[in-house]
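J.: My structure is below; once you've seen it, I'll send some questions.
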Amino acid sequence: MPPAQRHRSQGNARPANGPALLGAASSPSPCPVQNSCAADQKSADGGSHDTARKLGPFCSGPTNPKTRPSRPHQSRDLQPEPPTRAAQMAASTSPATAARAAWAFAVATCVKLLLVPTYRSTDFDVHRYWLALTRALPARQWYTDASSQWTLDYPPFFAHFSRLLSLPAPLVDAALVTVPVPDSPPFAHLLYLRLTVAFSDLLLLGSALLLARDARRRQRPFLALALVLWSPALLAVDHVHFQYNGFLMGLLLLSLYFLEQGWDLAGGLVFASLLCSKHLFLVAAPVYFSYLFRHYCCGRGVVKGLGRLVLMGAGVAAVFAAAFTPFVYYGQIQQLFNRLFPFGRGLCHAYWAPNFWVFYIILDKVLAFLLRRVGFNIAIPEASFTGGLVGDSSPFAVLPKVTPITTFLLVILAMTPCLVRAFSNPQPKHIIRWVSYACTCGFIFGWHVHEKASLHFTIPLALITMDSLNDARHYFLLSIVSCYSLFPLLFEKQEYLIKVMLLLTYAALMWVGFTSHFAANSDQEGKKVNRSGSTVKKNGFIGWIGLSYLLGIAAIELWSRVFHHHVFGDRLPFLPLIMVSFYCGVGMMYSWMWQLIYIVRHT
């Protein structure tokens, strides 16, 4: 190989594997998804292109100069040229992939219909009231109405979304859109609202179909799309507990699709619309700003760069103006923001999300206990060990009080390496990973985090879980931990078998899909560099440490369901929840560190 060609081949090589999962053995694997991706690409494009050319940075072997024309070296921080029309047509979803995704969505819809009569939380009453509120009252009363305890505390675009869903409601029952709402809704009301959630999931399906090809125009494995559509956490939260996360995640994935394809302006505008629908995605805004400023505005000359900056700023400002200007006119903007950001709710939710603050709280309790035993007079805080952590009072007996500004600074600090990478090397192929990491930082260190917020990063990460064996290992553990941490939300006995079967089915799907995929790659490679599959066969898919951790989840569940009542009776009712939060918090903290190490090393 000529020296110049060798330089280009080595310069384009990028490591595909992140840090090993919980001690699982990891061998060098420059291209663990080569054969699967090549097969998908060949079926979609007729096999007319060279495999190494399609896989790009995932393949680090020498390139055949006869099949890959020489191109001048490009700086890493320059934006790639816009795709041609032919490339855009090639990047469209193949009919076979669309048919399989539609089948997966149909299967998921059948499961959702079976879940219609299951337990529903107070979130059902919240959204039922919002449906009636936005239809029965004018917009000027949406954020001032206090006739119900279920006050509207989502941004205006979600209020308009609720109003849109209410339009066909009178055809079912006029009482659906009257205020006040009935205390005990009939089955027709329940069915209607359940169907609105399933209907809004069509946006998630559409976004997943668009993301069937990645930033390099490669076909993503079908399993990655199925993991999005069949997420047990999403099924439990939206179609049992009751929320509209599928619709919101569809907006996020749509924005990520535009960014992956280089359509930065559209991606920024969709993300702005997402913020005006659910403000909790604001944690990803720093990554969006860093990436878009460098990728869309910089490196194009002063005049053109300023023009793009003004265009992006004007577009985002127009989206926010459409959402909030009416309430500025009504003189209600302060009331609206008080609803959106109720910092008086306390550091943690009543059920502690499995994040960093679980360890902080438990450490405070342990220190207080030990200091009292040695004679120190330590006051017991108002928020008890079994009552959750809510309210305005400081529940800490020894450690310093945590304020919202403290959590904000910790989130930004944890996110800084990602922001540096997004600014210094703004590559579209990494945007899903960066945004997922930002949402992880918000979950780990944020203020009053709900356990359901883990969906904000587990759903996008499913799309890239097949990129390498270590990505698959990481996602396998993370998705199980995330789903299990939601078990306390479905606390009634009749839903117990449902949540267990959803998790076990998903885990079995991942195990079979991942092991067969990477083992097949090894078999096809033979004696080549890639040994992903041999690593799976020799050391197991997740290694003995990962397997031991997952068996610990089974042990905690067995204690909570069987032994706790026999040992403690009615005492310490919050202890099983603390055990779930603490143990899942270990897995979540591991996931955060794994993502951080991967981003620092490989993006």
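Each Cβ is built from the backbone N, Cα and C atoms, and glycine gets one as well.
Reproduced below are the annotations present in TrEMBL:
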type     : residues : note
COMPBIAS : 26-38    : compositional bias 'Polar residues'
REGION   : 1-93     : region 'Disordered'
TRANSMEM : 191-212  : transmembrane segment
TRANSMEM : 219-236  : transmembrane segment
TRANSMEM : 266-289  : transmembrane segment
TRANSMEM : 309-331  : transmembrane segment
TRANSMEM : 343-363  : transmembrane segment
TRANSMEM : 405-424  : transmembrane segment
TRANSMEM : 472-491  : transmembrane segment
TRANSMEM : 503-520  : transmembrane segment
TRANSMEM : 540-560  : transmembrane segment
TRANSMEM : 572-593  : transmembrane segment
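Surface or core, plus neighbours and distances: that's what I need for these features.
T.: Note on the transmembrane segment (219-236): residues 33, 36-37, 40-41, 43-44, 94, 97, 100-101, 104-105, 107-108, 111-112, 115, 204-205, 208-209, 211-213, 245-246, 249, 253, 454-455, 458-459, 462-466, 475, 479, 482-483, 486, 489-490, 499, 502-503, 505-506, 509-510, 513-514, 517 of its chain, located 6 or more positions outside it, place their CB under 8 angstroms from a CB of the stretch.
With a threshold of 8 Å between CB atoms, the same-chain residues lying at least 6 positions outside the transmembrane segment (266-289) that come near it are 154-158, 161, 248, 251-252, 254-259, 296, 312, 315-316, 319-320, 322-324, 340-341, 411-412, 415, 418-419, 422, 434-435, 437-439, 441-442, 446, 453, 456.
Residues 139-140, 143, 155-157, 264-265, 268-269, 272-273, 275-276, 292-293, 296-297 of the same chain, all 6+ positions outside the transmembrane segment (309-331), place their C-beta atoms under 8 angstroms from a C-beta of that stretch.
With a threshold of 8 Å between CB atoms, the same-chain residues lying at least 6 positions outside the transmembrane segment (472-491) that come near it are 18, 20-22, 24, 119, 121, 227, 231-233, 236-237, 240-241, 351, 353-354, 451-452, 454-455, 458, 461-462, 465-466, 498-499, 502-503, 506-507, 510-511, 514, 517-518, 541-543, 546, 549-550, 553, 557, 577, 580-581, 584, 587-588, 590-591, 594-595.
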J.: Please give the sequence-distant neighbours of the transmembrane segment (343-363): residues at least 6 beyond its ends with Cβ less than 8 Å from one of its Cβ atoms.
T.: 383, 388-392, 395-396, 399, 402, 404, 407, 410, 443-451, 453-454, 481, 485, 488-489, 577-578, 580-585, 587-589
